[in-house]
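If you check Swiss-Prot, you get these features:
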- 7-156: domain 'Ferritin-like diiron' (DOMAIN)
- GLU54, GLU57, GLU58, GLU61, GLU64: Fe cation binding site (BINDING)
Amino acid sequence: MTSQIRQNYSTEVEAAVNRLVNLHLRASYTYLSLGFFFDRDDVALEGVGHFFRELAEEKREGAERLLKLQNERGGRALFQDVQKPSQDEWGKTLEAMEAALALEKNLNQALLDLHALGSARTDPHLCDFLESHFLDKEVKLIKKMGNHLTNLRRVAGPQPAQTGVAQASLGEYLFERLTLKHD
């Protein structure tokens, strides 16, 4: 059934919004995995876990915001399977933050591509929506993660090879306590 409210909302944009919803849900799922990995008793970096769990919630909220847009514009939400995170064991904070940065850059590129599609289809409402709710936040988050990576590389020292879960170094512990503290 076609929507009675649909106006200036192309099927290409509608499909791209559905793909972006899926990317946000996949990011949320990955951050949830990261968050609870770092909260495990054998990892015990609660601040890192909290940081990633907050990101999981933000990405889920972003998916919901996109779904609301889809309904407001007369589009139809088509849910797709959400891909599981690429791994279950995340190692050290440095490797996890690198994976998170790559994920955010991928998500940002998808947002930029959708914005370009909206511009090409003369959809100012979509472009304004993305600019107001997503693009600036993404750039700030990418910068924040880049800063965290710089500091993690500064404090990382050579680690002896271990079996099982990599143990946090003193530098990683201090980064977690001083940078990602939460109350």
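The backbone N, Cα and C atoms fix where each Cβ goes, glycine too.
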For the domain 'Ferritin-like diiron' (7-156), give the DSSP counts of helix residues, strand residues and coil residues. 115 helix, 0 strand, 35 coil
For GLU64 (Fe cation binding site), the number of neighbouring Cβ atoms whose distance to its own Cβ is within 10 Å equals 13
Neighbouring CB atoms within 10 angstroms of the CB of GLU54 (Fe cation binding site), all protein chains considered, total 14
With an 8 Å cut-off on Cβ distance to the GLU54, GLU57, GLU58, GLU61, GLU64 Cβ center, who else from the chain surrounds the Fe cation site? SER28, LEU55, ALA56, LYS59, ARG60, GLY62
For GLU57 (Fe cation binding site), the same-chain residues 6+ apart in sequence with C-beta under 8 angstroms from its C-beta are SER28
Mean pLDDT for the domain 'Ferritin-like diiron' (7-156), as a whole number? 96
